[in-house]
Amino acid sequence: MKLTCMMIVAVLFLTAWTFATADDSSNGLENLFSKAHHEMKNPEASKLNKRCIEQFDPCDMIRHTCCVGVCFLMACI
């Protein structure tokens, strides 16, 4: 009896946790699919196509856009 009650409480807790931490519970899959469709129609919008900055070129310390290494004193090293 105790084990059954503990299992029910655990399932309810995990269900509540899932809903509480969800990014967008309304139309989540619909938004995901429409975004993917937009990226297929416009490859420039894809996050995978973002270019990185080569070594010793000027960089932006906020966005971390260096290909290898880090941005230090406005240059990728």
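Cβ coordinates are placed from backbone N, Cα and C, and glycine is handled just like the others.
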- Answer for the disulfide partner of Cys67 (Swiss-Prot, candidates Cys52, Cys76) is Cys52
- To which residue among Met40, Met61 does Swiss-Prot attach the annotation methionine sulfoxide? Met61
- Task: Would you mind checking which of Cys5, Cys59 shares a disulfide with Cys71 in Swiss-Prot?
- Result: Cys59
- Sparsest Cβ surroundings (other CB atoms within 10 Å) among the disulfide-bonded residues Cys52, Cys66, Cys71: Cys52
- For Met61 (methionine sulfoxide), the spatially nearest of the disulfide-bonded residues Cys52, Cys67, Cys71, Cys76, using Cα atoms, is Cys71
- Task: Look at the recorded positions Met61, Cys76 and tell me which residue has the greatest number of other C-beta atoms within 10 angstroms of its C-beta.
- Result: Cys76
- Task: Tell me the Cβ neighbour count for Cys67 (disulfide bond), meaning other Cβ atoms within 10 Å of its Cβ, over all protein chains shown.
- Result: 12
- Query: Hey, how far is Cys52 (disulfide bond) from Cys66 (disulfide bond), Cα to Cα, in Å?
  - Reply: 5
